[in-house]
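**Student:** In case it's useful when we look at the structure, here is the feature table from Swiss-Prot:
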ACT_SITE  His5  active site
ACT_SITE  His41  active site, nucleophile
BINDING   Glu25, Asp27, Asp85  Mg(2+) binding site
DISULFID  Cys45-Cys51  disulfide bond
DISULFID  Cys47-Cys190  disulfide bond
Amino acid sequence: WIMGHMVNAIEQVDEFLNLGANAIELDIDFDKDGIAQITHHGIPCDCGRECTKKAIFTEYLDNIRQVTTPDNPKFREQLVLLALDLKLQRISSAKAYRAGEDVAKKLLDHYWQRGNSRARAYILLNIPLVEDCEFIRAFKDTLKNEGYESYNDKVGINFTGNEDLDKIRDVLEILGIHKQVWQADGITSCFARGTERLKEALEKRDTPGYNYINKVYAWTLVRKSIMRRSLRLGVDGVMSNNPDRVIKVLKEKEFADKFRLATYNDNPWEKFRG
C-alpha cells in the first residue's frame, strides 16, 4: 500500500493517484464539541508541504464516494484504502466518544449512504493515542445502533502515536478488537527516525497467533534510502509525500520480484503469507 500523505483538498485526490498512490490519508479536524468539520492538517506539517489545504469533510466524502464507486465517471480503480487521520489530540478526550458518533454518521450518510452507495474503499481509522480509544467504542456503537454493523467489515483500527505496543494491545483487548488492526510507525519527514519500534511491530505481526497487528506501515517517507530500508524490513505499506518515488523504488531489481501494489482483491485485514 502506497499511502498519499495529507491529501486534504479535493483536487489533491487525483494529484496523488496520478503519482501512484493506491491509498490516501486525510486529516479530520473537529470543533470543540467533537464534530468533524473539515479535512485540514494545519501548521506545522511536513517539510516542503503546504499545511493549510482543506475541504468541508462531508463534501470531501461525497467526492471520494464517487472516486471509489465502480462505473462512476470519477472512478479510480487503484484507490482501495482511505486512512482517516483523526485530530483528536486537538479536543478534550472527554469529547472522543462524541467524535466517534459523528464520524460514523457522516460516513453512513455521505460515503456508504446507508446501503445505497456502491463505494468500495476500505476505511482505516487513525487514532492518535490510546487515551482516545472511546472514539472507537462510539464508532462501533453507532454502526450497531443505526443498523449497519456490517460496515465493520470495511473498517480497521490504527494507533499512530508511536506508543508502547503492549499498551496498545491491552487497549485493543479491552475494546474486544482482535482483527483488522494496522500499526503505524514514523515521524514527520523533517526528522530522522530509527527502526527499533518498527522492527518490534513487524516481529509481533509475524508472531503466530498474535492478533493485534495485521499490517505495518512506515511514515512519512520522502527519501528513497529510507523507503528501501523499510521495504527490506518487510513493511506492508509506506506513507509518503512522493508516491512516485515509492513506485520507482519498487521497480528496482532488489524489490521488483518481492513487492507489488495492492489492489482491491487484496484484503487489508489479512496478514500477508509470502
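Here the Cβ of each residue, glycine as well, is placed from N, Cα and C on the backbone.
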**Student:** For the disulfide-bonded residues Cys45, Cys51, Cys190, which one has its C-beta crowded by the most other C-beta atoms within 10 angstroms?
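**Tutor:** Of the disulfide-bonded residues Cys45, Cys51, Cys190, the most buried by Cβ count within 10 Å is Cys45.
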**Student:** Could you measure between Glu25 (Mg(2+) binding site) and Cys51 (disulfide bond) for me? Cα positions, answer in whole angstrom.
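**Tutor:** It is 14 Å, counting Cα to Cα.
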**Student:** Please list residues from the chain of Asp85 (Mg(2+) binding site) whose Cβ is under 8 angstroms from its Cβ, counting only those at least six apart in sequence.
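**Tutor:** Listed in sequence order, they are Glu25, Leu26, Asp27, Ile28, Asn126, Thr160.
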**Student:** Which of these active-site residues has the least crowded Cβ, counting other Cβ atoms within 10 Å: His5, His41?
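**Tutor:** If we count Cβ atoms within 10 Å for the active-site residues His5, His41, the smallest count is at His41.
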**Student:** Other residues with Cβ within 8 Å of the Cβ centroid of Glu25, Asp27, Asp85 at the Mg(2+) site?
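**Tutor:** Neighbours found: His5, Met6, Val7, Asn8, Leu26, Ile28, Thr39, His41, Ala83, Leu84, Leu86, Asn126.
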**Student:** Measuring Cα to Cα, how many angstrom lie between Cys51 (disulfide bond) and Cys190 (disulfide bond)?
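**Tutor:** Each residue's Cα considered, Cys51 (disulfide bond) and Cys190 (disulfide bond) end up 14 Å apart.
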**Student:** Could you check which of the recorded positions (His5, Cys47, Cys190) sits closest to His41 (active site, nucleophile), going Cα to Cα?
**Tutor:** His5
**Student:** Cys45 (disulfide bond) to Cys190 (disulfide bond): how many Å between their Cα atoms?
**Tutor:** 9
**Student:** Would you count the other C-beta atoms found within 10 angstroms of the C-beta of Cys47 (disulfide bond) for me?
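**Tutor:** Looking across every protein chain shown, the total is 12.
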**Student:** How many Å lie between the Cα of Cys190 (disulfide bond) and the Cα of the residue listed as 'active site'?
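**Tutor:** Between the Cα atoms of Cys190 (disulfide bond) and the residue listed as 'active site', the distance comes to 14 Å.
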**Student:** Please report the distance from the Cα of His5 (active site) to the Cα of Cys47 (disulfide bond), rounded to the nearest angstrom.
**Tutor:** 12
**Student:** Return one of helix, strand or coil for Asp85 (Mg(2+) binding site), based on DSSP.
**Tutor:** strand
